[in-house]
Amino acid sequence: MKKAFVKSYGCQMNAYDATRMADVLGAEGYTATETVEEADVVILNTCHIREKAADKVYSELGRLRVLKGERAQAGQDTRIVVAGCVAQAEGAEILSRAPTVDVVVGPQNYHRLPDLLARSRTKRVVDTEFPVEDKFDHLPARRTLGATAFLTVQEGCDKFCAFCVVPYTRGAEVSRSVAAIRAEAEKLLQGGAREITLIGQNVNAYHGVGLDGGAATLPDLMRVIADLPGLLRLRYTTSHPNDMAPDLVAAHGDLPALMPFLHLPVQSGSDRVLKAMNRKHTADAYRALIADVRAVRPDIALSSDFIVGFPGETEAEFEETLRLVSDIGFASAYSFKYSPRPGTPAAEWADAVPEDVKNRRLQALQTLLDAQRHAFNASFVGATVDVLVEKAGRHPGQVAGKTPHLLPVQFDAPTSTIGTVVPVRIVRAGSNSLFGEAVADAAVAA
Ligand code: 5AD
Ligand code: SF4
């Protein structure tokens, strides 16, 4: 039996693509392995968003070159595939920089992996063209199913934030039809999924063909999915503030399956920086939007992305970011030092913020965000929350799942509770997980 090892970096979209690549190879008779040494095919599903992420690929490829040599000496062939956004951005350059690579395949082309692998036996191949056919029409049924699942509904981004490679690596916004998404959701639910996260690079700009042939928005799509039998929880990520239309805000108040968690990147609290970033909204517009969401869903947990040290960012401008964070209060967040990316407008700009200043600002921001996260987690101690059980826990007899606010919880229960919602009384908040006790044995059947 041939074995495939897939390692994914970066965002949820890449995580989704990685499972679909495993599905493609599964249909060809490959089994998935987590031991790279025994893999006949090794796929690195790469991320190009920041320099550090992109650099990881080449250090990993260095290790794989050694492994491939060792396997060759033992008479075993190893195909090395670079997929994802570095593949899309660098294409054939990867072949010249890393002689060990056999296949370079972009995010829109991985349905062709079997053909590319076969062709690579005679000649190394690159496939990063945006194909005319839709990869989703060519992907086999999903194999790896759990209680929670990602489902791609939209790809690409038309926003062109000045720092971001996504519009170049993932291309223009394209939305799948409601019918295609519903069909995939039905299969996930029949396979045992209870929570579906609709994903897209800019998912709230979703504008697919609806069931009636007209245009459907993200809330239109969510109402269709929320009605499917077996679905308990619905989420979506990731979004741009300017695409938070009133009907989407309203859905947070009147769609019970939609969980009270919103990841809404703001990047900066300074209007000057936001303008330079081409975000096309102000800090106060973001505050007002959050107030609207909280008006319909007061308990919503908020999450965001931040960049510190964007070119020209002054100390006062950075402090405006701290003020925005203090004003809003986030349950979780991702924060990054600005990293110039080749091909993006900001990469050409002068006024780079020195590295030590970026480090100091990142640390100050993360200290504030960590304090908010800890306070949010601690607010659940003593409360009873519904936990959707996803898997066995760290210790024997434990299971792990998530609350509606997406907080991980560990508690004692049999693994037969996986896929069900269990009320759990939280007794302790760690820095990343909550710990609790199942309330009686009142497992709510899915
Ligand atoms: N430098 C630093 N962070 C970046 N992001 C995107 N591009 C860059 C960059 N060039 C961050 C943004 C985005 C998240 C996915 O990654 O905060 O929301
Ligand atoms: Fe990148 Fe901006 Fe599009 Fe997000 S909205 S993917 S940050 S260009």
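Every residue gets a Cβ built from N, Cα and C, even glycine.
Among C47, C157, the residue that TrEMBL places alongside C11, C85 at the [4Fe-4S] cluster 1 binding site is C47. Of the chain residues outside the [4Fe-4S] cluster 2 site list C157, C161, C164, K159, F160, F163, V165, V166, P167, Q201, N202 have their Cβ within 8 Å of the site's Cβ mean position. In the shown protein chains, 22 other C-beta atoms lie within 10 A of the C-beta of C47 ([4Fe-4S] cluster 1 binding site). By the rule that a residue counts when its Cβ sits under 6 Å from some atom of ligand 1, the binding-site residues C85, C161, C164 yield C164. In this structure, none of the binding-site residues C11, C47, C85 sits close to ligand 2 with a C-beta under 6 angstroms from any of its atoms.
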